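S.K.: Have a look at this one before I ask anything.
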Amino acid sequence: MAVVIGAVLPVIVKLFLLLLCLNFNSSLTQARKWESWKDKYPFIRQASSFSSSNDWSSGSGSSKGHNYDYIIVGGGTAGCPLAATLSQKFNVLLLERGGVPFANANVSLMQNFHITLADTSPTSASQFFASTDGVFNARARVLGGGTCINAGFYSRTSESYIEKAGWDSKLVNESFPWIEKQIVHRPILAPWQKAVSDGLLEVGISPYNGFTYDHIYGTKFGGTLFDRFGHRKTAADLLTSANPEKLDVLVHAIVQKIKFDTSGKKPRAVGVIFKDKKGNQHTAFLSKRKGSEIIVSSGAIGSPQILLLSGIGPKAELEKLNISVVLDNKFVGKGMSDNPMNTIFVPTNRPVQQSLIQTVGITKMGVYIEASSGYGQTEDSIHCHHGIVSAEIGQLSAIPPKQRTLEAIEVYKRNKKHVPQEAFRGGFIIEKIATALSTGHISLKSTEIDDSPSVTFNYFSHPRDLKRCVDGIRIMEKIVKSKHFTTYAQCDKETLDKLLNMSVQANINLIPKHTNDTESLEQFCKDTVITIWHYHGGCQVGKVVNPDYRVINVNRLRVIDGSTFNESPGTNPQATVLMMGRYMGVKILRERLGRAAGL
């Protein structure tokens, strides 16, 4: 035996050293890859490099000075494709309040999906907030916006939505592929996703449409921003299509407000005031050329917030905060809506492969059924404190707000150490209300841009939303009992009640719970509602902006993002918002240049 071990040991050592070398080289390669973004995107700079003088071209500054034809506020899902497109012909300044995603493993790797959402530090790619309804939520704070922190699912909106929006269907169908060729992948269907897909078909959500980007009734699986190695592409990657000679991107540029010339009949946007990471204030001005515009693309929370801080909104609300009124518009910040999501967690008798959204059932009852599974982290990570949105803090929802002390938080953190790993072995079946009719509003808490505004969604205040939720829960119950789940878990009525009770007891929001949740599905819906991050509204078409997304009664100012939506497009809106950025960029160029646009 000693001879055998002696003979094998050198081989083992060599293999170990080889693996160590491979891992070391892999780490070096990854580090170099993350550093290489500076070469790939030479136009991305820190906001602190911005100079108020016209010789910003000296050193590492811009060659355009302040001669910008377009200033885009927000480098997110719509802002990045918009900037890339407009830069083909005009000088563009893109201002993003967060940093870059390229060297951030929490953004780039699917296995780290939950970590960014749980990270509440000032440098996190996501910014935590809780609506007044008591539901935890997040907004993106990174170049690439929501595409950096979401589950990556990509599915186009319906033809009826495109028609209702008044979009040119030909240009829409040219804009979607422009996105897809650059950042979208066909996923490898995970076993849990296949089981949910088969279950959907068994309970009548048919036909099976296979892999498609299109919005079609039945069961399908869509695209993803993650490649087969679990690496994420984002809207920021679309900036590789920009003209680097005509684009400046400033990160950690926090826009405080828009400047206006109010000497004419209508206020006219002339520039933006922003601060850098050091707190220094800067002003960027538009070119005086006809057609130059400021475009706000800061999302459904950020865009109405910036308009309000700039003096566009309900006069009485602005005057309460001593904000000079530029335009009285009672609709700014109104019509806020979030598509409510409810889930059933199904613990399994084996570990399941991690998967984010791949399968979707598009029903005719006004609900979408989706799925996710597994956990991408180690056992040690399960017992780590993941911030205000981690599981142990969520348990505090059972305690009145005034009693949520630091001591209580510590007790729940200690309790998490005793959570068995099996609790993380399982999958979720998810239902989302397709077109939420319940609406709320957004209002400023202060005049500081860094303070998240107060947001109310009024979940399930409209009875039809509640009925649809109940319909969705019943579909999920049938799926769990379908024969395709027998390999994962045996589910009779008693087991289903336990699963529903687990969802209630998880306390994933701050809403007080009731004892009869499993008897009343309506109450279950209300008590276990969470977000799927598809909130929209606040700058809606016909109320704040016109159909071309120009702010009504204001010159040289548009809003182009999900804040303009009256309803969320498709099963998941990111495909449509990405398309919208490209679509409006091309449309603006064609309107301004005609045939010379060349797109």
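Heads up, the Cβ atoms here are built off N, Cα and C, so glycines get one too.
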S.K.: Regarding the disulphide bond with C525, report which of C148, C384, C469 TrEMBL records as its partner.
M.R.: C469
S.K.: Are there residues of the same chain, six or more positions away from V142 (FAD binding site), whose CB falls under 8 angstroms from its CB, and which are they?
M.R.: E96, G98, G99, V100, P101, N104, V107, A125, S126, C148, I149
S.K.: Using other CB atoms within 10 angstroms as the count, which residue among the disulfide-bonded residues C469, C525 scores least?
M.R.: C525
S.K.: With C525 (disulfide bond) as the reference Cα, tell me which of the binding-site residues W533, G562, Q574 is the closest one.
M.R.: W533
S.K.: Determine how many residues of the domain 'Glucose-methanol-choline oxidoreductase N-terminal' (299-313) DSSP places in helix, in strand and in coil.
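M.R.: Each residue of the domain 'Glucose-methanol-choline oxidoreductase N-terminal' (299-313) counted once, the result is 11 helix, 2 strand, 2 coil.
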S.K.: Fill in the CA-CA distance, C469 (disulfide bond) to W533 (FAD binding site), as an integer in Å.
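M.R.: Each residue's Cα considered, C469 (disulfide bond) and W533 (FAD binding site) end up 17 Å apart.
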S.K.: For the domain 'Glucose-methanol-choline oxidoreductase N-terminal' (299-313), what's the model's average pLDDT?
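M.R.: The predicted confidence over the domain 'Glucose-methanol-choline oxidoreductase N-terminal' (299-313), as a mean pLDDT, is 98.
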S.K.: Which of these binding-site residues has the least crowded Cβ, counting other Cβ atoms within 10 Å: E96, W533, G562, Q574?
M.R.: W533
